[in-house]
Amino acid sequence: MGVSGPRRSPGPPDGGWGWVVLGACFVVTGFAYGFPKAVSVFFRALMRDFGAGYSDTAWVSSIMLAMLYGTGPVSSILVTRFGCRPVMLVGGLLASAGMVLASFATRLLELYLTAGVLTGLGLALNFQPSLIMLGLYFERRRPLANGLAAAGSPVFLSALSPLGQQLLERFGWRGGFLLFGGLLLHCCACGAVMRPPPGPSPRPRRDSASDAPGEAEAEADREGLRLREAPSGGRTRRRLLDVAVCTDRAFAVYAVTKFLMALGLFVPAILLVNYAKDAGVPDSEAAFLLSIVGFVDIVARPACGALAGLARLRPHVAYLFSLALMANGLTDLSSARARSYGALVAFCIAFGLSYGMVGALQFEVLMAAVGAPRFPSALGLVLLLEAVAVLIGPPSAGRLVDALKNYEIIFYLAGSEVALAGIFMAVATNCCLRRSRDASPSPGTEGGASDTEDAEAEVDSEPLPTSTEEPGGLETLEVPSPGTGPSEPKVEAELGLDSESV
């Protein structure tokens with residue numbers, strides 16, 4: 001852009017239609033996390049009709065959660081290939097069809113395939129694209145947006161469980177499944193509003209030499225984009241799943257943290273009611289403990305998102321995330337011997353607060369670590385890793401309870417795993433990532449890039465065209481470095497060619 005006018009940033013709009021996208025993401029997150037737990041209200045009726053045990057019936061929710069987490073890479077590939085909106089529309093239809101077909105099931109195996117596999121896959125195809133689209137619409141307000149979207153989980157859990165109980169009493173489990181299938185069609189409506197944000201227009205030729213040689217790279221960093229090495233043909237290779245993100249140190253630290261966290265984070269919430277009953281708490285009061293966790297969680301998630309968006313705290317969001325993990329782990333450790341109802345209520349308040357902080361920050365930390373272009377692939381791989389941990393942690397805790405008849409050891413183990421995840425995140429961020437960033441600038445770049453580096457950057461970035469694909473398709477984004485002399489018309493010619501082909 002010339003000197004005649006100010007430079008307009010082509011970044012995310014941070015508002016506008018993004019608020020509609022945020023509302024849709026709130027609904028999708030609520031269904032994704034709340035629905036597998038809400039289905040548990042039908043388990044007693046299923047056990048009676050099918051003559052099965054609780055563990056066999058509980059596999060419906062387990063399979064649903066495994067599909068939600070384990071199909072992350074599949075969802076990443078589909079989003080990269082077709083875009084967020086088509087994937088979400090198909091996902092909503094699959095989720096609804098799974099529950100409708102489950103209402104006609106005559107065997108538990110049919111429930112596993114319909115309510116478990118089909119509905120779980122549909123929820124996965126809605127959950128991940130909604131987070132990706134949210135990242136495309138928000139940059140400055142992204143922590144707040146992530147916190148508000150994450151609040152859908154406790155809100156829907158608090159609403160779907162009583163609704164499921166009412167449907168069970170009025171229509172039976174078959175009628176409840178059928179109506180839940182109709183309710184899941186709202187995911188299609190949420191997918192329909194996922195309109196791709198307006199993308200940056202092609203850069204016009206510079207008619208002023210006042211622009212700094214490294215300005216494009218700096219602008220790319222501000223927008224969360226990363227330059228990628230192009231092959232000799234002048235075009236970057238299209239990757240449906242960017243497995244190379246695993247070589248990123250920040251991603252590796254985050255992945256290890258999430259695995260350790262998932263081993264123990266969900267265990268106390270799963271065992272809380274039975275633990276309270278074992279301590280002599282009446283059934284109604286024991287069930288209310290989960291409601292306390294949910295109410296505190298509803299407040300904690302958006303509040304923590306707003307806190308993480310503050311200018312002083314946002315650069316240190318990884319440390320805030322590690323602090324939330326350590327607080328959650330210490331809460332489990334300090335409450336392992338809680339036996340009175342008052343002590344359990346205090347535990348639920350502290351656990352709901354730290355749990356809400358973790359839920360609000362987990363995807364914000366990943367977005368900040370890998371950047372927007374690689375977030376779809378990174379999210380899919382992290383969810384797959386989390387699926388493995390979820391299938392290891394809670395079932396192992398249940399077996400230990402059956403074998404030892406002691407909940408205290410389970411709380412110690414779960415708290416230690418979550419606290420260890422927080423400590424690892426803080427230490428690795430401070431020692432590995434911070435030192436690598438401090439060591440990266442060379443002496444020649446102080447006060448400006450050296451001539452050699454400028455020439456290398458110009459040669460490397462000359463063949464890179466600006467991506468003119470629809471942003472909803474999430475193709476690999478390329479940012480051309482500003483060249484000088486005869487290299488400029490070549491970039492503009494390639495831009496025109498790409499526009500015609502699209």
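From the backbone N, Cα and C atoms, a Cβ is placed for every residue, glycine too.
Automated prediction, rather than curation, is the source of TrEMBL annotations.
What TrEMBL says about this one:
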- 16-36: transmembrane segment (TRANSMEM)
- 18-433: domain 'Major facilitator superfamily (MFS) profile' (DOMAIN)
- 57-80: transmembrane segment (TRANSMEM)
- 86-104: transmembrane segment (TRANSMEM)
- 111-138: transmembrane segment (TRANSMEM)
- 144-163: transmembrane segment (TRANSMEM)
- 175-194: transmembrane segment (TRANSMEM)
- 196-229: region 'Disordered' (REGION)
- 219-229: compositional bias 'Basic and acidic residues' (COMPBIAS)
- 251-275: transmembrane segment (TRANSMEM)
- 287-311: transmembrane segment (TRANSMEM)
- 317-334: transmembrane segment (TRANSMEM)
- 341-363: transmembrane segment (TRANSMEM)
- 375-397: transmembrane segment (TRANSMEM)
- 409-428: transmembrane segment (TRANSMEM)
- 436-502: region 'Disordered' (REGION)
- 451-461: compositional bias 'Acidic residues' (COMPBIAS)
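For the transmembrane segment (341-363), the list of distant contacts is 131, 143, 146-147, 150-151, 153-154, 258, 261, 265, 268-269, 272, 276, 279, 281, 285, 289-290, 292-305, 308, 317, 320-321, 324-325, 327-328, 331-332, 335, 379: same-chain residues at least six beyond its ends, Cβ to Cβ under 8 Å.
Residues 61, 64-65, 68, 88, 95, 119-120, 123-124, 126-127, 130-131, 133-134, 137-138, 145, 148-157, 159-160, 180, 184, 186-187, 189-191, 193-195, 197 of the same chain, all 6+ positions outside the transmembrane segment (16-36), place their C-beta atoms under 8 angstroms from a C-beta of that stretch. Only sequence-distant pairs (6 or more apart) were considered; of these, fewer than three Cβ pairs between the transmembrane segment (409-428) and the transmembrane segment (86-104) are under 8 A, so the stretches are not in contact. Under the criterion of 3 or more C-beta pairs below 8 Å, with sequence separation of 6 or more, the transmembrane segment (111-138) and the transmembrane segment (175-194) qualify as touching.
Most Cβ pairs under 8 A with the transmembrane segment (375-397) among the ranges 57-80, 86-104, 251-275 are made by 57-80. In this chain, the transmembrane segment (175-194) does not touch the transmembrane segment (251-275); fewer than three CB pairs sit within less than 8 A of each other, excluding pairs fewer than 6 residues apart. Take the transmembrane segment (287-311) and the stretches 57-80, 144-163, 175-194: counting Cβ pairs under 8 Å, 144-163 has the most. With a threshold of 8 Å between CB atoms, the same-chain residues lying at least 6 positions outside the transmembrane segment (144-163) that come near it are 18, 22, 25-35, 37-38, 41, 130-131, 134, 137-138, 291, 293-295, 297-298, 301-306, 308-309, 356, 359-361, 363-364, 367.
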